[in-house]
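Features of the protein shown, as given by TrEMBL:
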TRANSMEM  29-52  transmembrane segment
TRANSMEM  64-82  transmembrane segment
TRANSMEM  117-141  transmembrane segment
TRANSMEM  175-199  transmembrane segment
TRANSMEM  237-258  transmembrane segment
TRANSMEM  270-290  transmembrane segment
Amino acid sequence: MDILPLNFRILRYCGIWYELPEHLWLVKIVYKIFVVVVIFSFTLSELIELALTYDDLQNLTECLFLTLTFLALCFKMINFMCRQESLKALLNTFRDEICQPKTLEEKDIIEKNRSMLRLFCISYFSLGILSGSTLVFVPFASFKSSKIELPIKTYQPYDVEDFVLFSLTYFHQILSMYLGVLINVSLDMLVCGFIFLTCGQLDLCYYRIVSSNMYTMNNNIRHHAVTKDIVKKMQSFSIVVVVPLFIFSLITLCTSLFLMPEKEIMSFEFITLFIYLTCMLTQIFLYCWFGNELQLKSKTISDAVYHSNWTRLTPKLRRNLLFTMFISQNGLMISFHGQCSLSINTYVSILKTSYAAFNLLRKTSNTLGV
């Protein structure tokens, strides 16, 4: 895979992505079904447990934060698996000849963006693995008696006191957690990666417009149109899951903040929640920051027009360039009909709303005497 290789490689290892005709296709279909069943059955068991503990505020909040994370993951997986043709069309647009660097300067621009994106991916993957590991190994770290409890509260229609059933359930939770982390982070960074690669195309477009002449300007205008088309395809692919993700993240942040004061500071449970909260904040921040970068980068194209040698262009090229400038002044933004836009302002709004909901939940808890 030539575009976002780390993300697609992990998704391939997790069984939910195959772009080219594959050998052993039947085995890979079975493996894909197995991965989907593992994650969806784990999410279902969390939802049932959540429904059974609705009258206990403490247990409800403990179940809620992880349940919503996996519920958002299920939305992402369904969207990813059902819209792979749209994803392949987006990848082919990135592979268009006009989007490829042609000089050493252009290659440096693209490579700089890819290097920064690679650093973001590795850092976020590391944080996700750390968060998942602390969650699944809670029983061993908090070992105080001869009885070890399951790390995650889920519903089981059988008695987990039996050692074999306990071991199988524990293995199911560990497998679900690590598969969930790998797929979740990969899909998050897939969207963020596409946005950042688009920012690289806008940098490339800026450079080409500023340094171009009359003979290449028409291609540069077409390059900007292709970049705009990439943003439309990207929005169509990703915004379906971004909206529920923001809603679930808001609730998750609120419940995590509610649970942390209940834990002893520097205890393993407190550290686990802190790492998980950091991971959630990073997830939302990356979406919003990359989206904000896209909006800022797209507005620089109008500056590139001013700095270009536009006086030597033909009247037709001037009109096309002027039209490009007017379009770029509004900026390119990924949003759901103008709402839930990927921007820093949205990130701040989520934090404010989460804190307000946390205060409300805390007051309710004090009133009920929980």
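Note: Cβ is positioned from N, Cα and C throughout, glycine not excepted.
Here the transmembrane segment (64-82) has Cβ contacts under 8 Å with residues 11, 16-17, 36, 39-40, 42-43, 46-47, 49-50, 135, 152, 176, 180, 183-184, 187, 237, 240-241, 244-245, 248-249, 251-252, 255-256, 259, 276, 280 of the same chain, all six or more residues outside its ends.
Remote same-chain partners of the transmembrane segment (270-290), defined as residues 6 or more beyond its termini with a Cβ less than 8 Å from a stretch Cβ, comprise 65, 69, 120, 124, 127-128, 130-131, 134-135, 138, 188-189, 191-192, 195-196, 199, 242, 245-246, 249, 252-253, 256-257, 259-260, 263-264, 342-344, 346-347, 350. Residues 3-4, 7-8, 10-11, 13-14, 16, 35, 38-39, 42, 69-70, 72-73, 76-77, 80, 90, 94, 113-114, 116-117, 120-121, 124-125, 128-129, 131-132, 135-136, 152, 227, 230-231, 234, 237-238, 241-242, 283, 286-287, 290-291, 293-294, 297, 332, 334, 342 of the same chain sit 6 or more residues outside the transmembrane segment (175-199) yet have a Cβ under 8 Å from a Cβ within it.
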